[in-house]
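**Q** Shown below is the structure under consideration.
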Amino acid sequence: MQIDIQSRDVFYVSDGTAITCETLGHVVLGQFPFEANEKTFPFVESEDKLSDLLKEIEISYRATGHEPLVFFSIVIPEIKLKLLDAPAHCYDVLESIVQKVQDDTKMAPKPKLQRSRSVNKDSDKYFDRIAAIEYTLAHDDGITLKGLEEADIILLGVSRSGKTPTSLYMAMQFGLRVANYPFIHDDIARLRLLPEFEIYRHKLFGLTIDAERLTEIRENRLAGSEYASDSQCLYELQTVEGLFRREAIPYINTSSLSVEEISTRILERTGLRRRLL
């Protein structure tokens, strides 16, 4: 008997990166025969962020007639309580999930081994990941500015501001093609936006860092050099941040953030969607 595959809206919500919610949610939803329309809401740690989330839930409910499924990890009591009052089926990722999803969707779980699964689909994901990694490595640290039309995003920043690890993480975990370009000493003296970037302004995103942290990182690489001096680091950062503001390039400070947090915040700020789940 053919099963009628339904479509359900699914939200992943966290006051952190939401990566844990996504991971557990994907495992659980893989046991149910419906297509998931997924949205991720990381860093829901303020009333403003919560308000935006609740509006999205309300829109989903009114548009589909079904309460969306919300996988969440929230430690702030006030936000958690308000989320639980929303017109949605909410699952704390630390609770038992599968049985509750079964109850709410009125569907019996179907383990992956009992469902048809496309090997080609998994192969496609594998090759997409490899292609993203190869592109990112080929466009690391300004190696080449050719092929920028294929980039999903172009990261800019001073040397040692976190561009390379962030680029590789986004390629490996999200399947995104990321180019990055460092503003080196020669660039800083006459800093301007390169002509090659003009038609890709919508792809540009800046990374900056506290001067003290940058000095510490550079000292570990070239101790005692002008490159690592307090004055040089401060000068470079002030100049590059001025360019970001002047050219209206969005940017974030990476000083206290992990690579996972940097990558997730970039997705949040740009609206980019990950290609791999």
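Heads up, the Cβ atoms here are built off N, Cα and C, so glycines get one too.
Pasting the relevant annotations from Swiss-Prot:
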type: BINDING; residues: Gly157, Val158, Ser159, Arg160, Ser161, Gly162, Lys163, Thr164; note: ADP binding site
**Q** Counting across all protein chains present, how many other Cβ atoms fall within 10 Å of the Cβ of Gly157 (ADP binding site)?
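**A** Step by step: centre on the Cβ of Gly157 (ADP binding site), count other Cβ atoms within 10 Å, giving 25.
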**Q** Do any residues at least six apart in sequence from Lys163 (ADP binding site), in the same chain, have a Cβ closer than 8 Å to its Cβ, and if so which, in order?
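**A** Asp141, Leu155, Leu156, Gly157, Asn180, Tyr181, Pro182, Leu207 - these are the non-local Cβ neighbours of Lys163 (ADP binding site), listed in sequence order.
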**Q** Output the one of Ser159, Ser161, Thr164 that, of all these binding-site residues, has the highest number of other Cβ atoms within 10 Å of its Cβ.
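**A** Output for this query is Ser161.
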**Q** By the DSSP assignment reduced to helix, strand and coil, which category contains Gly157 (ADP binding site)?
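**A** Assignment for Gly157 (ADP binding site) reads strand.
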**Q** What are the other residues, in sequence order, whose C-beta lies within 8 angstroms of the center of the C-beta atoms of Gly157, Val158, Ser159, Arg160, Ser161, Gly162, Lys163, Thr164 at the ADP site?
**A** Asn180, Pro182, Leu207, Ile209
**Q** Counting only residues 6+ apart in the same chain, whose Cβ is under 8 Å from the Cβ of Arg160 (ADP binding site)?
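**A** Non-local contacts for Arg160 (ADP binding site): Ile209, Leu214, Ile217, Arg218, Arg221.
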**Q** If you draw a 10 Å sphere on the Cβ of Gly162 (ADP binding site), how many other Cβ atoms land inside?
**A** 25
**Q** Can you count the other CB atoms that lie within 10 A of the CB of Val158 (ADP binding site)?
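**A** Looking across every protein chain shown, the total is 26.
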